[in-house]
Amino acid sequence: MSKNSSNIMALAPAAPNKRETVCIFGTGDFGRALGHKLIQSGYPVVFGSRSSHPSSLVPKDAEVLSHVEAAQKAAIIIIAIQRQHYSFLTSLADVLRGKVLVDISNNLKINQYPESNAEYLAQLVPGARVVKAFNTVSAWALQSGTLDASRQVFVCGDDAEAKKMVMDIVRALGLTPLDKGSLLAAQEIENYPLQLFPMWKFPIFLSLGLTVFFFIYCVVLNVIYPYVYEKKDFSFFIAISIPNQVCPVLALTLLGLVYLPGVLAAIIQLCRGTKYRRFPDWLDKWMLCRKQLGLVALAFACVHVLYTLVIPIRSFVRWRIGNQIISQVLSSNKTQPLDTSKAWISDSYLALGILGFFFFVLLGITSLPSVSNSVNWREFRFVQSKLGYLTLVLCTAHTLVYGGKWFLVPSSYKWYLPPIYMLSLIVPCAVLVVKFVLIFPCLDNPLTQIRQGWERNPRYSQ
């Protein structure tokens, strides 16, 4: 009998764990959205409000009480109000003593106050255990359920047990908590939502500046120059021809700028004889945004490919080909023999471009977090370094084969200005030449030793 009873008990479903009540101070958009999400996750929710009368906006399964009554019913209190309204909490200091206060507020600008909102809250209610969390999640994302782009929640606080309680709630909501340490990190966490693509500012502004410069440069050479000297209107080049010159130049230049800081860093380490000294700030920032520079370069390369695909259907190209055929018929009425040297150059140019673009796309794919997280550091470094330099070599060779023969032709220098593709070769050729010099054993061996910790002058390690 006892055996049967034990089997029955083993098959019976376990009783669900009862979740503890969570209190929310504030019935604004975020407070209501968070309360609704908590209720869906099985948490009893009580709202603390200045008015204890039920509101149609508050989730129907939540209870609305005064601040004192609501705080007495929960160990965790989420402060969903703005910093300027925190003053009333001082009158609740006795009720809030020992409670976990979760500060979710943000500011209007970076470093708006000397201390973070969470630290200010801890000063107002010294007996409470303050934790910073949820400020990187929007009310709209909570309401709509589209949390894919903001699933990570930064958490910080001085009380380890309080942080654990809050992180358990974060996980119950289907989010991912990330422990950022003590409450001193709250300032950084509060500044995070106010930053607009911090790692993208330099690449975007640089690419915009170079785009304007190269575009004007091409307009001068391909539109203004023919109009001044030949009275020909080529203004329609602005639509396709000029962008199709600017995009590959930008792609190659930016790709060279991705690998230029690494070369400069190697030179600096060789000169200093140590790796224990900080690089200049401008070089540090440059190296941190190399991924973004590479992705912008890939975007320009993709646009170049699209522009190239539409070239055969352009009215100007069809007119020029038709004109050449008619001129050939009228002048000689016979076909020209195939020039195999030109065919080799053309096919080599296209093959190098295709291979370069293929490895370019491969570099972009491996930079995605979902891909980079699935490979180890050696594999990632091999792709981004070895294949990256191979991509730079192929793209540079693609440009050299395309216009190398025009370097010494005076007629290609309109107004003494070189063709635009020559400008695109400056940065990548400089990078490749210096990198080639650095792989010689007389320089590579000392550089490897330096990066392994060897110092020419040990005093810099202190």
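Each residue, glycine too, has its Cβ placed from N, Cα and C.
Caution: TrEMBL annotation is automatic and unverified by curators.
According to TrEMBL, the feature domain 'Pyrroline-5-carboxylate reductase catalytic N-terminal' maps to 21-107. DSSP places the residues of the domain 'Pyrroline-5-carboxylate reductase catalytic N-terminal' (21-107) in helix, strand and coil in these numbers: 32 helix, 19 strand, 36 coil.
Taken from TrEMBL, the feature domain 'Ferric oxidoreductase' covers 249-395.
For the transmembrane segment (204-229), the list of distant contacts is 197, 235, 237-238, 241-243, 245-246, 249-250, 253-254, 257, 293, 296, 300, 414-415, 417, 419-420, 423: same-chain residues at least six beyond its ends, Cβ to Cβ under 8 Å. Look at TrEMBL and you will find 204-229 (among others) tagged as transmembrane segment.
Under the heading transmembrane segment, TrEMBL lists 249-271 (among others).
Taken from TrEMBL, the feature transmembrane segment covers 292-313 (among others). Beyond its flanks by at least six residues, the transmembrane segment (292-313) meets 199-200, 202-204, 206-207, 240, 243-244, 247-248, 250-255, 257-258, 357, 360-361, 363-364, 367 of its own chain at Cβ-Cβ distances under 8 Å.
Feature annotation from TrEMBL assigns transmembrane segment to 348-366 (among others). Within its own chain, the transmembrane segment (348-366) has Cβ neighbours under 8 Å at 251, 255, 294-295, 297-298, 301, 305, 372, 375, 380, 383-384, 387-388, 390-391, 394-395, 397-398, 401-402, counting only residues six or more beyond its boundaries.
Positions annotated as transmembrane segment by TrEMBL: 387-408 (among others). Within the chain, the transmembrane segment (387-408) has long-range Cβ neighbours (under 8 A, six or more residues past its boundaries) at 248, 251-252, 255-256, 258-259, 345, 348-349, 352-353, 355-356, 359-360, 362-363, 419, 421-422, 424-425, 428-429, 431-432, 435.
Summarising the annotation, TrEMBL assigns transmembrane segment to 420-443 (among others).
Broken down by DSSP into helix, strand and coil, the domain 'Ferric oxidoreductase' (249-395) contains 122 helix, 0 strand, 25 coil. Mean predicted confidence for the domain 'Pyrroline-5-carboxylate reductase catalytic N-terminal' (21-107): the pLDDT average there is 88.
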